[in-house]
Every structure is written in C-alpha cells, then in structure tokens.
Amino acid sequence: MSAVITSMIVIGAGSYGTALAITLARNGNKVLLWGHDPVHVQAMKVARCNHAFLPNVIFPSTLYLETSLPVALTASRNVLIVVPSNVFGSVLTRIKPHLRPDARIVWATKGLEMNTGRLLQDVARDILGGHIPLAVISGPTFARELAAGLPTAIAIAATDVTFSADLQQLLHCSKSLLVECNIDFIGVQLGGALKNIIAIGAGISDGLGFGANARAALITRGLAEISRLGKAMGATPSTFMGMAGLGDLVLTCTDNQSRNRRFGILIGQGIEVQTAQKNIGLVVEGYTNTKDVLKLASRYRVVMPITEQLYQILYHNKNVYDAALTLLGRYYKDKQISYL
C-alpha cells in the first residue's frame, strides 16, 4: 500500500510538527503528517484538527494523515522530523529501513543529543550514512502563531544548496512566513539548542523579580556565550545575530509560550527542579542541554558563566540568589574585558 504522493512528510504530530504541516499545506503543497500515537492521528483524521495541541485550527484539504510509518514514508523523498531531541536518534533509526533511495532529511528539532552533547547532524550521519542530504529549520517560532498564519521568520541551513532552495520554495509565503537560507549548518543548529538554556536563566531572573533590566543584561551575556562556543565549534559568528541566534533567543527568553522560560520562572519562585518539570508537563530541552553544553564548553575551553551557574542550580541545588551574586561578582571583576 502506498500513501498519496506529497511534497513533504512530517514526522511528529505535536504542536510544532502540526503547525509546520499546516503551513506547508497552506502554501499549496500536498503534505502527509504522521504521529507515533495512532489514536491521536485517527482523531485528527476525523476532526480535521489537532485538538490536543492546536485547537480550532482547521487542517487545509491538502494535509493528509497516516498511522502507518512504512506507508507514510512512501509519500515523498522529503522528510521533516519534528520530535524532541531526546528521541531524535531513535526516530531516525525507526524510519531508516523505510526511506526512499532518494530521501532527503530535514529537522526542526532544537537541541543536542542527550548525554553526549553531539550536534543532531552527527547523530543523523551516524545513523543514516553520509549520502543523504540533511537540513535544519530553526528560528523564532511558536507553534500557535505559526499555525494561526501570523508573520514569522525562520532560518534554513542544509548540506546541499539544492535542498535548501527547495525547502525555501516549499515554506516561504509572502503573507506570513519569511524563510532565510544560511550556509552555516553548525551555527543554525547551535543557536536553536543553546537559546533554551539562556531562556531558563531569563525565567529564573523574572521569577526572582529582578526586572526587565536584568533580563536584558542576561540575554546580552547569553548571546555572547552562545557566540563564543559557536565560534570554537566552527560556526560563523554572524549567524548568531540572525533568526537562528538572536531572533530565537529573544523570543524564548521573553514570552511565556516558552516552556524553558516558564520552567525557569518556577525555579526562581522557589519551586524544586523536579516539581517544576512536572508542572510544565512537556520536555524542557534546556534542562538536559545545560549539562551537555557545559561538557562542550570544557572540551572547547570556552568560558560560559551563565551556563555554569544554571548547571549548579539545576543539578546541585545551588541557591538562585547565590548564583546571581556569583555572576554579578564575576562581571565586576571582568569589567575591563571588551568582548562580552
């Protein structure tokens, strides 16, 4: 059995995967959406809506749904992965036997491989081999606003310029979605992963009641940390001033649609880490990434004081006020340093 031939298969029927599928379909593309829970997918088929994550957003007629993964993967050579980073590798392993010979893989997952801190491009190459074109979508995007058709801008980077151009054509919409192509594959991935950590810090600052001034300072210092690590890992520093860097960082640090920010707010208000995670109810990418990024910082000999203090708070129960004083004391001592 074969699925309807489409321009894109979207793997992951959560809020963001569904929003991207809706956006692609609104652009006149045939799109197939697959989710791991067949009951959820069947409910969407009947309702023509993802009531669990995006209620009241009706699916375009060119958005199709499929419960069988092998059948779904016959629909297109273009496969968009939109799953949490902690299951990214297992999802690739699952889809590998069913991919078409001409398959191309793009992901909108933001994060690093859990426990190793590896970039998702390295995970993908290890599992799929080096012959499959790879791409990443990142940038300041909340699923609800994207699904509602509100103006949004994203960045795309790919290992193949043809793939990048094809993705831009599929996604770009003059009315609502601006798509920027970037050749910095490493930087676009890092920006999407590291901003979650800084967003937790911004949330803690706001939970403590430190105000807008402190939040702005933390975002600025956080961007400097991201840029330093990115440069050490081979990224282009200017990438972090674009959509995949500053754009995503500002969005995630300042709006309560961000679960990483909400998680930080709870901790700043005195809620224990594990309780805060349960209250959020969804994967908090920045929590696991904090430990992994600190390992990367050590490996590349990059100073990341905000990440270090967040690690102490999240994994060693350091008092949040003491962590803030540590940062303030450091910046006073380093006041002659011109580079943030």
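Heads up, the Cβ atoms here are built off N, Cα and C, so glycines get one too.
Here the structure is a predicted model, which means the values were calculated and not measured.
Per Swiss-Prot, the features are:
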BINDING   S15, Y16, H36, K110, A143, R259, V283, E285  NADPH binding site
BINDING   K110, G139, T141, K195, D248, S258, R259, N260  sn-glycerol 3-phosphate binding site
ACT_SITE  K195  active site, proton acceptor
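Looking at K195 (sn-glycerol 3-phosphate binding site) and K110 (NADPH binding site), their Cα atoms lie 9 Å from each other.
For the binding-site residues G139, T141, S258, a Cα-Cα cutoff of 10 angstroms around Y16 (NADPH binding site) retains T141. DSSP assigns A143 (NADPH binding site) to a helix in the three-state reduction. The record assigns S15, Y16, H36, K110, A143, R259, V283, E285 to the NADPH binding site, and the maximum Cα to Cα distance across that set is 22 Å. Long-range Cβ neighbours of D248 (sn-glycerol 3-phosphate binding site) (same chain, at least 6 residues apart, Cβ-Cβ under 8 Å): K110, S138, G139, P140, T141, G191, G192, K195. Secondary structure at V283 (NADPH binding site), taken from DSSP and collapsed to helix, strand or coil, is coil. Using N260 (sn-glycerol 3-phosphate binding site) as the reference Cα, a 10 A cut-off selects V283 from the binding-site residues S15, H36, A143, V283. Binding of sn-glycerol 3-phosphate is attributed in the record to K110, G139, T141, K195, D248, S258, R259, N260, and the widest Cα separation among these residues amounts to 16 Å. For the pair E285 (NADPH binding site) and S258 (sn-glycerol 3-phosphate binding site), the C-alpha distance works out to 11 angstrom. According to its DSSP assignment, S258 (sn-glycerol 3-phosphate binding site) is coil. In the structure shown, the C-beta of K195 has more C-beta neighbours within 10 angstroms than that of any other entry among the binding-site residues H36, K110, K195, R259.
Around the Cβ of V283 (NADPH binding site), a 10 Å sphere holds 18 further Cβ atoms from the protein chains shown. The C-beta environment of S258 (sn-glycerol 3-phosphate binding site), restricted to residues of the same chain at least 6 apart in sequence and closer than 8 Å, consists of F142, A199, G203, L251, T252. Between the binding-site residues S15, T141, the minimum number of other C-beta atoms within 10 Å of a residue's C-beta occurs at S15.
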